[in-house]
Amino acid sequence: FSWGRFRNIMLKMFPVLNWLFSYRFREWILRDLYAGLSVGMFQIPQGLLAVWLTRLPLPNINGFLSAFCCSMTYVIFGTSHHISVGSFSILNVVAMNILKTFNFNQTLSSNGSLDNFSDPTFMKDYMEALALTASITFLTGIIQLLLGCFCLGFVTTYVPRTLIDAYLTAAALHVIVSQFTFIFDLMLEFHKGPMDIFYNLFHFFLALPKANATSILLFLLSMATLRLTTSIMVTYKRIPIAFPMELLLIITVTIISNRIHLHAESSGAVVSMIPQRFLPPTLPDLSNLSKIILHAFSLAIVSYFLLVFVGERYASLYNYNIASNQELIAVGLCNICSSFFKSFVVSCAISGTVIQGKTGGRTQLAAALGASMMLVIALKLGRFFQVMPNGILAAIVVFNVLPFLEKFLDIPMLWKRDKYHFVIWLVTFAAVLCFGLDVGLAIAMGFTFFIITIRSHRMKMVVLGQIPNMNIYRSLSVYRAAREIEGIKIFQCCSSISFANMNHFKTYLLHKMDMKAVPLDEREMRALISDGLSDTAVERKDLKCSCVCDPPLPPPRIPYTEKLVKRRHADSNSSSSSVNLVHWSKYGEKLSSQTLLVGAADASPGFNTGLPTEKNEDEGRRACLSPGSAIDNSSVQLDREEQPMHLPCPVHTVILDFSMVQFVDLMGSELLRQLIHMFHNSGITVLIAGSHSSVIADFEKNDFFDSCVTKETFFLTLHDAVLAALGKHQKPDELEPTVKE
């Protein structure tokens, strides 16, 4: 224990302390007051419209107390400086559809008055609907709190910025469509399910003849006013702040609507029939836990990701960081508080967050001041806001979510920069738009993880050459100055090797070596197996008697199951006289000769093709074989009548640059070991350079090393591997530098 550690724990548990003790009072207080007043005034009519949208008659005092407690909870436990917590229209519609599945249609669609609440049956259904809403909200908060305690918020670190932008763009469109009820003054049933946004648009289009012209006119005038005031900017201490048009518009329209009847629908039509009495906090009823847990889990995921996505956007805009796990805990506590007041699931109020950001809010003090002002004004003067036309607030909501649609303009640039992210953007946007915020998020996350997996396991290899007279090696296809070293092939692996890309690794390597792999026949396989067994076991391999009580012997380890042959090109006019038959006699008399077809035209022009002496033949064989190679006999013949002719190997060493390899899994290690054995059997040495210590540790865990594949073939740098290969295969006089060098 130490005071420093205790301080860090407290700052992590209560992020409010991070900015509270470093608050710049003179610089920030007026900006936070200004932002808090704007957000607080906006939250009053927004809370009234939430009752209208869901048609669940929740008393105003419960709704405002819930909003106040949720805001203060997030101020204490949240890490974002600009998030405004509140009800979200899409989540409210989802909660309404959940209640409909429990046969609360009469309560939700009632157009009656206070007389309905005197009916015992209606009152019973009403209280049950509120209790079920509280249970869903409470369970949503518990799920979020548990996920945060188990540190599962790290999932957001794997979410790319393109997914966040596409998700928020589609969510903004859902919000705009949900405001059509207030814009056209039409009360329609929202369709829930796949393609629901298109169904709702279609039904609104059919109902347009019944729309309220006054409500549409007020919406258009408000949008024009808000758009014109974007050119007006208030500067405070050389920092531009948006003009408070939303605040002035709400106050002005509230005063006018209380003096003049504007013939437009307002929230007072629903609020007036609700008994304005406080429903005390009660513990949620979890008797329907099994029926609502899936709905609660879906709401928990959508509520959290929506809050984190908006928080990440503002954090990157204002250059600070948010803690994903702490955000999960904060929104979970907010929903638990909301459930005690029988209110709905809360998340990030997008419009309130935009207003708080553009009016200059610096810290969550703006949210605390706004929540306090909202509660005081709503309890004392809330009745004056009930006559405010719904179209005015719909204009404010739509205007403040329009900036999220600006990402459409970045699509062409995204296509030029990264096509993978472009595909992620399109899939996320289409999925969220067509299937909703919950199912669409699942589809987008699954598709994104699939793309990330494909990209991380996609094999990319390049052939390297040396920059003359330097220890620098670069791609032959990119750098003109790079030259390939005679007898050495250098391959750089630019990704990790796993079961997903190991076949591509093998195919690329053999293609560049102009070889192909052919399966061993039965006799060769038996020879390999018998070679791995003891001499006693070899003598009795056909018949062996043992006690069944004895533990079975482990199967012999087969170094490889394929052999390498030279690839025959279809465009070459090969004939029997132009094909050399090279015999590799690895196992002496125990194994018959393996054949390697080598085209005469494939030989490098620098190699000697004359008739060698016995000494030269032995030197050539040593140049092709690595030390310790099992290949002990080679001969070349054209026909039975022709004399043997020596054909040196065009490549004697393959170097694999593993400096960019992060890991090699079990299947990749097994394939790499077999390739090394196959090249070794063909007289080609394989060296590995630049491996990280973690990769070598993976090799050790995967039982990669044996008598042929040893750590002597691993080198610290690529240049060390090249020097080792040249030292083993060049003549002593070739190693001495010339006068020019």
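Including glycine, each Cβ sits where the backbone N, Cα and C put it.
Unlike curated entries, TrEMBL annotations are predicted automatically.
Same-chain residues lying 6 or more positions outside the transmembrane segment (129-155) and placing a CB less than 8 Å from one of its CB atoms are 56, 58, 95, 98-99, 102, 104, 107-108, 279, 282, 284-286, 288-289, 292-293, 295-297, 299-300, 303-304, 308, 323-329, 331-345, 445. Residues or ranges marked as transmembrane segment by TrEMBL: 129-155 (among others).
The transmembrane segment feature in TrEMBL is assigned to 167-188 (among others).
Sequence annotations record features per position, and here TrEMBL assigns transmembrane segment to 200-221 (among others). Under 8 Å from some Cβ of the transmembrane segment (200-221) lie the Cβ atoms of residues 177, 180, 182-186, 188, 190-191, 262-265, 389-392, 394-395, all in the same chain and six or more residues away from its ends.
Marked as transmembrane segment by TrEMBL: 241-260 (among others).
Look at TrEMBL and you will find 292-310 (among others) tagged as transmembrane segment.
For 361-379 (among others), the entry in TrEMBL reads transmembrane segment. Through the fold, the transmembrane segment (361-379) approaches residues 16, 19, 23, 28-29, 31-33, 35-41, 43-44, 47, 60-61, 64-65, 67-68, 71-72, 74-75, 78, 80-85, 385 of its own chain, all at least 6 residues removed from its boundaries and within a Cβ separation under 8 Å.
Annotation source TrEMBL lists transmembrane segment at 422-452 (among others).
Residues belonging to the domain 'STAS' (478-725) score a mean pLDDT of 68 in the model. As annotated by TrEMBL, domain 'STAS' applies to 478-725.
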